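According to TrEMBL, the features are:
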type	residues	note
TRANSMEM	12-37	transmembrane segment
TRANSMEM	49-72	transmembrane segment
DOMAIN	109-233	domain 'Palmitoyltransferase DHHC'
TRANSMEM	154-174	transmembrane segment
TRANSMEM	194-219	transmembrane segment
């Protein structure tokens, strides 16, 4: 049985994931802002508690804005596919050199039997999207999209800001969660408010724990300039040919302009000068044969 023919169903699942993200954001917003810290900000006057509430409300909205900006950027950004002109350009180069243009001529680049086309280095076929993706990392159902060369930075920022936001939610909801049982026994709060509080705390705690694993994993991959797919291709190699050192590995994904590192966008200079951001060419270590 070919299980890959069922992969298209993951696209449908992805749309439910988007609704789930919206639901978690709505429940968290209601529990943290509407029912907890906004009333404290309004009623506490000008004391230390008011300053703390103001800080929490500001940080919450800032992280939420960056989270949503990063999320929709990675959802709607094409991770990169093999350009239609890519094979024609290679064929033209080979004709000028007097070589053949059959499959063997492109063996050093790679060949996809499903797309029936050559593919650049680090490019892999996605069975969900039914196409080859440039520097493919994985297909993510949470964003209904592949993570590849042109949106990997946005995916990492989405993970980063989501982790910070959910961590903030857990910390600021913890005191209220501790009081939940006493309030429930005394019936001092409405059932709806208590239910939303518990649901928001449990959901955010679950996301924090799971996201921590993903953040650590992708930081490790970023530091070695490796994708999730390439982890299984390195075959225990001591020196990975794309590992240029931690600083350069970081710049291959986030660019060289520090002002843009924490924003889900690139500067024009980085897009023009860093070839890896386009997903067709990648620099390699000089001490390893390509």
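Placement of Cβ uses the backbone N, Cα and C atoms for every residue, glycine included.
Distant neighbours of the transmembrane segment (154-174): 28, 31-32, 36-37, 56, 59-60, 63-64, 66-67, 70-71, 73-74, 77, 137, 140, 143, 147, 197, 200-201, 204-205, 207-208, 211-212, 214-215, 218, 222, 253, 262-264; these residues of the same chain sit at least 6 beyond its ends, with a Cβ under 8 Å from one of its Cβ atoms.
Cβ atoms under 8 Å from those of the transmembrane segment (194-219) belong to residues 24, 27-28, 30-32, 35-36, 156, 159-160, 162-163, 166-167, 169-170, 173-174, 176-177, 180, 183-184 of the same chain, restricted to positions at least 6 beyond its ends.
Same-chain residues lying 6 or more positions outside the transmembrane segment (12-37) and placing a CB less than 8 Å from one of its CB atoms are 53, 56-57, 60, 64, 68, 71, 75, 141-145, 165-166, 169, 172-173, 176, 193, 196-197, 199-201, 203-204, 207. Secondary structure of the domain 'Palmitoyltransferase DHHC' (109-233) per DSSP (helix as H, G, I; strand as E, B; remaining residues coil): 71 helix, 16 strand, 38 coil.
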